[in-house]
Amino acid sequence: MGEASRFGKTLERCRGSRRLVLVVVAVALLVDRMLLTAVVPVIPALLASFREQPNGTTQLQKNATREDAKGGETDGILGSNSSLTEDVPRCHWNQSESGEGRENLEVGFLFSSKAIVQLIVNPFVGPLTNKIGYSLPMFAGFTIIFFSTIGESAPGDSGESWPTPQGPLSLASRPLSLAAFAFGRSYWMLLLARILQGVGSSCSTVSGMGMLAERYPEERERGIAMGIALGGLAFGCVVGPTFGGFMYEFVGKSSPFVVLAGLALADALLQLVALQPKMKKETMAGPSLVQLLTDPYICIAAGVLLFANMSISILEPSYPLWMERTMCAPVWQQGAVWLSPSISYLLGTCISPTLAHKIGRWVVTLVGLILLGTSLALVPQSTRAVDLIAPLGGLGFSVGMVDTCIMPELARLVDIRHSAVYGTVYAIGDVAFCLGFAVGPALAAELVTNVGFDWMLYIMAIICFAYSPLLFFLRNPPAREEAKVGLVVRLLNGKSSLSYTEPADEADADKKEDEKPPSSIQ
């Protein structure tokens with residue numbers, strides 16, 4: 001009984017811990033970004049496998065001519081009418097322009113489908129969190145993510161089954177059945193899985209960021225907490241494409257998505273046991289969606305998120321095909337090259353909160369947007385995979401700077417200009433993020449076909465440079481008096497309309513903070 005009593009008290013303290021909320025949100029963003037990026041290097045090969053005939057040949061019109069990646073010289077002619085089998089590398093196929101355009105469109109739409117669904121669902125999730133709280137929609141989101149990733153195992157029509165994970169992964173995959181995305185046998189099954197994942201991601205992301213903004217009302221703490229949470233998102237960038245490429249190539253088609261499903265399930269169970277999702281009505285009325293959308297300062301901040309993430313989203317579906325065509329890069333190399341922006345994004349999220357506290361968020365965001373445009377313009381100059389390390393590293397670092405500064409800035413703008421209810425403003429932020437990932441891949445497919453890969457990135461760089469002067473308006477946005485008074489009261493009371501109890505160590509720290517004179521609100 002004594003052990004059970006101590007465990008119950010420990011669990012009770014954990015349920016009120018801000019740190020536990022931070023862990024849950026960080027894992028939510030990690031799973032969300034891995035779902036988005038793990039498929040980056042494998043989608044072209046996956047769609048090509050759907051077009052294969054039972055005897056292993058592909059249904060693409062090919063002249064089996066292989067060109068040297070550097071000079072474009074012919075290595076050898078296998079025969080003008082011969083069919084390309086698995087013995088010939090899938091590299092430098094002389095496909096018709098219509099076939100290549102169709103492949104770009106398929107890849108682009110599959111990438112953008114998850115973001116399109118989040119774009120549609122977010123305006124409903126934001127106001128919903130204002131009415132029932134954050135914990136219940138967040139738990140529902142992870143439940144949807146899990147069941148959209150896990151499906152029934154069924155053999156294909158031909159009686160053949162997809163490669164399955166070996167060793168410990170096979171033991172994990174059997175009780176979980178098979179992943180709908182991982183074991184999908186058609187383009188439409190993959191599309192359906194992405195749509196369901198979009199619904200779940202919308203619920204978990206909007207609720208998670210709103211929960212952090214509520215639990216961390218002080219500006220410096222909020223910036224650090226959101227930097228840590230976005231570090232989870234950055235870690236998803238680091239491991240996502242490389243993880244997906246290596247697991248697909250060397251373990252099996254199902255393995256990356258079985259692991260992701262298990263991670264989503266673990267986080268959902270953590271929420272269920274520790275946070276106890278329940279309905280909680282907000283005590284104050286939050287600003288409406290129309291009020292926030294007509295606020296020019298919130299629109300400027302959301303616009304930065306839009307263009308920064310669109311810069312990544314136009315690259316994700318197009319760079320594997322570009323690397324395959326110009327560098328003859330294998331699938332694992334297409335995933336490995338994305339380590340550069342992923343690691344630099346993680347560095348950006350770690351450095352930016354401290355830097356922003358010293359020189360201002362708007363300055364860090366301005367520098368990040370200029371660095372982003374410069375990096376985009378340098379990517380097409382690369383002729384080898386190793387040449388991509390520097391420009392892609394600059395791209396990842398700059399987007400990390402932008403995301404880490406704008407997320408807490410959205411909460412600050414709501415604090416000083418409206419009321420401290422954050423669900424709707426983070427719905428707008430996630431809409432901007434998802435709009436970039438929805439428009440980007442589809443736009444990339446059209447731009448690559450019509451103006452080419454190089455000019456697509458040049459155009460995006462020009463947009464980043466042109467938008468950057470607007471950030472001067474975020475230097476000192478005017479505050480509304482009633483919102484300003486409400487913020488002072490919240491900071492003096494040391495809470496943000498919270499209904500939780502701090503653990504002992506955090507409570508002691510908060511008491512020490514209360515003894516200090518309150519900081520002035522500008």
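The backbone N, Cα and C atoms fix where each Cβ goes, and this holds for glycine too.
Per TrEMBL, the features are as follows:
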| type | residues | note |
| --- | --- | --- |
| TRANSMEM | 20-47 | transmembrane segment |
| DOMAIN | 21-479 | domain 'Major facilitator superfamily (MFS) profile' |
| REGION | 57-81 | region 'Disordered' |
| COMPBIAS | 64-73 | compositional bias 'Basic and acidic residues' |
| TRANSMEM | 187-212 | transmembrane segment |
| TRANSMEM | 224-248 | transmembrane segment |
| TRANSMEM | 254-275 | transmembrane segment |
| TRANSMEM | 296-315 | transmembrane segment |
| TRANSMEM | 335-355 | transmembrane segment |
| TRANSMEM | 362-382 | transmembrane segment |
| TRANSMEM | 388-408 | transmembrane segment |
| TRANSMEM | 420-443 | transmembrane segment |
| TRANSMEM | 455-474 | transmembrane segment |
| REGION | 500-522 | region 'Disordered' |
| COMPBIAS | 509-522 | compositional bias 'Basic and acidic residues' |
For the transmembrane segment (388-408), distant same-chain residues with Cβ under 8 A (at least six beyond the ends):
209, 213, 219, 222-223, 226-227, 230, 233-234, 237, 301, 304-305, 308-309, 311-312, 315, 337-338, 340-349, 351-353, 356, 361-362, 364-365, 367-369, 371-372, 374-376, 378-379, 381-382, 429
Distal contacts, the transmembrane segment (420-443) - CB-CB under 8 A, six or more residues away:
36, 105, 107-109, 111-112, 114-116, 118-119, 122-123, 125-130, 134, 202, 205-207, 209-210, 213-214, 217, 282, 284-289, 292-293, 298, 301-303, 305-314, 316-317, 406-407, 410-411, 413-414, 486-487, 490, 496-497
Among 254-275, 296-315, 455-474, which stretch has the most Cβ pairs under 8 Å to the transmembrane segment (362-382)?
455-474
On the domain 'Major facilitator superfamily (MFS) profile' (21-479), the mean of the pLDDT values is 75
